[in-house]
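Let me begin by presenting the structure, written as structure tokens, before commenting on it.
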Amino acid sequence: MITADRMAAVDANAAALGIPRKQLMESSGNAVARVVRESVDPGDRVVLVCGRGNNGGDAFVAARFLDAYDTETVLLGHPERIGTEIARENWDAIQHAELPTTVVGDTTDIADLDLDDVDLIVDAMLGTGVTGALREPEATAARVINESEATVVAVDVPSGVDADTGTSEGVAVDADHVVTFHDTKPGLADLDAAVTVAEIGIPAAAERFVGPGDLPSQHRAAASHKGDHGEVLVIGGGPYTGAPALTGQAALRAGCDLVHIACPESVARDVQGYSENLIVHALDGERFTPSVVEGVLDRAVEMDGVICGPGLGDHAETREAVSNFLGGFEGRAVIDADALGVVPEVDTDATLVCTPHQGELQAMGGETADDWEQRADLVAEFAGELGHTLLVKGPYDIVADGETTRVNRTGTPAMTVGGTGDVLAGVVGALLVATEPLTAAAAGAYLTGRAGEAAADARGNGLVATDLLDRLSEGFDNE
Ligand SMILES: NC(=O)C1=CN([C@@H]2O[C@H](COP(=O)(O)OP(=O)(O)OC[C@H]3O[C@@H](n4cnc5c(N)ncnc54)[C@H](O)[C@@H]3O)[C@@H](O)[C@H]2O)[C@@H](O)CC1
Ligand SMILES: Nc1ncnc2c1ncn2[C@@H]1O[C@H](COP(=O)(O)OP(=O)(O)O)[C@@H](O)[C@H]1O
Ligand SMILES: [K+]
């Protein structure tokens, strides 16, 4: 079962693995033709009613595999308005091959469509790209298709039906058979149509391994204003000073608008000294202690997210303070480094992403394995027990929430240098503001690893964590 959004992500991941969309379209069209051939006899009349997106593109391919039949490929709308290159190329191909086609300009032409003595209609007007109720001429076309006696085979989804919900806001095609791709869609379950799930050559890796399709959209509304894109609080530092500054700067480089650092007054000036971009709040004392938790909670509730742990140190008082903080916090937080040990014992309403390396995972009570597939199963099981999302760092990062598991392969051994984990925590914290925990963790691991690869290209094993900061945005461009 796969949703339309997830399908689009997997599609993009497949392309990044070297399996281009046009190849997927060829497989889809071939699969549609195979089902059509099972339903008609040679010489039968087959009309393919096509939209201007890739759903239509699939049918342009199918037409090439149906030479033995009396086919007519009908395009709703002018060829100039075909919306994607791969659909346009497949339309041109059947033009050059002089396969019979008809262009339907507007609704009146649709009524002239002679579908009476047609044996089979391929419904390729709209698939997962439908938005809202069918507009014209698709709506009239759907009615004409529904009134015909022909067998109706729908491509991917019956036109007008929402692939995720199975509902349609207006008229929808009533299909006898649906040929969907790669995996079934939630919205097909309750249709009274036969459903064929066709493999189209998307390898499991496109779902398993984090890829460009898993990155949250970088789109920003023009009318955005300060703070719209995330205001986060880093709780860290004392004895260390570098870690919270790395985390804070990474959160900014991953797109946050405002980053606050709550750190002990003993290191506040040092942390502020690293960057004008950080807003530092000094806490009484020389480490994070229970006495300041109330104030930190008051600040945290104003934030869109928290990153707790970088450079905190593991003093007993600090562990108690982290425990008290989590006991009172109900928002979204990344937990890293010395704060991790507290998580299994604390009862919290917060939504957590924990980012241990394998040693920290074991200290939390989790199990690890050198083989990444075994590690993935162990981490998924522990995440389920914990009730939080885990990102277990390593050559292959394992991201799991007990339901879904993703594996990130980006990164380089040069990243074993200190501080890269602090950078990762900041990236995940920034993404967690507006993205579901699993996606934020997977994308954070991917982007940090990409930045590490870019830094290693420049500095080899001499890369340092700050080298990742101004390379983080490059990963987003990797669409
Ligand atoms: N995601 C994948 O991995 C693959 C998808 N493929 C095909 O690609 C399809 C998705 O293609 P697209 O994203 O181009 O979208 P669609 O082709 O499903 O629909 C987009 C087109 O429909 C129009 N449209 C949207 N809502 C409408 C409405 N309410 N009334 C009238 N017209 C409307 C849009 O203007 C656009 O022209 C899938 O359903 C599938 O058939 C296949 O090529 C195989 C691979
Ligand atoms: N051997 C490796 N190969 C590739 N990436 C690695 C390797 N070791 C660590 N990384 C990456 O470096 C980042 C930090 O991981 P790690 O060094 O374990 O954290 P920490 O800095 O907390 O010790 C993660 O993004 C991880 O994927
Ligand atoms: K369709």
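Each Cβ is built from the backbone N, Cα and C atoms, and glycine gets one as well.
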Candidate from ASP92, ASP117, ASP119, ASP123 that TrEMBL assigns to the same K(+) site as ASN55, SER159: ASP123
Distance check against THR128 ((6S)-NADPHX binding site) for the binding-site residues ASN55, SER159, GLY421, keeping those with Cα within 10 Å: ASN55, SER159
Residue among the binding-site residues THR128, SER159 whose Cβ has the most other Cβ atoms within 10 Å: SER159
8 Å Cβ shell about ASN55, ASP123, SER159 centroid, K(+) site members excluded: VAL49, CYS50, GLY51, GLY56, ALA124, MET125, LEU126, GLY127, ALA154, VAL155, ASP156, VAL157, PRO158, GLY160, VAL173
Cα proximity to HIS357 ((6S)-NADPHX binding site), best match among binding-site residues ASN55, ASP123, SER159, GLY421: GLY421
Alpha-carbon spacing, GLY57 ((6S)-NADPHX binding site) to ASP123 (K(+) binding site), which is rounded to whole Å: 12
